[in-house]
């Protein structure tokens, strides 16, 4: 018997069954490490997204996961309230806009009818004014003979008196 024969070592590491278990365990450990790293990265990302915690990565005492979740929850609730307020403001502005558009349409309608009336009355008045813009009687025929700009004395005839000589 040799020295090697006396020491028989049951080595499970050499058996195919152990390689399968060891590989499974190593694979499981790698997956678990990857999962924990992903969770850790997600918490860091969440921490960096919350304004109240943005300076925490440089501070001596970092926020715990529970603190990160609490602050994130508070921030989400705050943003929901703010979003709701903004939505109400948007709805109010839409109502105001609709009201103003309705008023504009009403004013344009009034303006249109006023312009039509002005055009109609200006066309009517052109029948009763001479080219100088002076009022003319409908029975006058449009002559300039009696313009309002002449003094009263010039419009009336002066009587000629023969002098006694």
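Note that Cβ sites are derived from N, Cα and C of the backbone, with glycine treated the same way.
Bear in mind that the values here come from a model prediction, so they are computed numbers and not experimental data.
Straight from Swiss-Prot, the features:
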type     : residues : note
REGION   : 1-38     : region 'Disordered'
COMPBIAS : 1-13     : compositional bias 'Acidic residues'
COMPBIAS : 14-38    : compositional bias 'Basic and acidic residues'
DOMAIN   : 23-79    : domain 'bHLH'
REGION   : 47-66    : region 'Disordered'
COMPBIAS : 56-65    : compositional bias 'Polar residues'
REGION   : 86-107   : region 'Leucine-zipper'
REGION   : 119-165  : region 'Disordered'
COMPBIAS : 119-132  : compositional bias 'Polar residues'
COMPBIAS : 140-149  : compositional bias 'Low complexity'
Chain residues in Cβ proximity to the compositional bias 'Basic and acidic residues' (14-38) (below 8 Å; excluding those fewer than six residues from its ends, i.e. six or more beyond): none
Residues in the compositional bias 'Basic and acidic residues' (14-38) grouped by DSSP into helix, strand and remaining coil: 24 helix, 0 strand, 1 coil
The region 'Leucine-zipper' (86-107): DSSP-derived helix, strand, coil residue counts: 22 helix, 0 strand, 0 coil
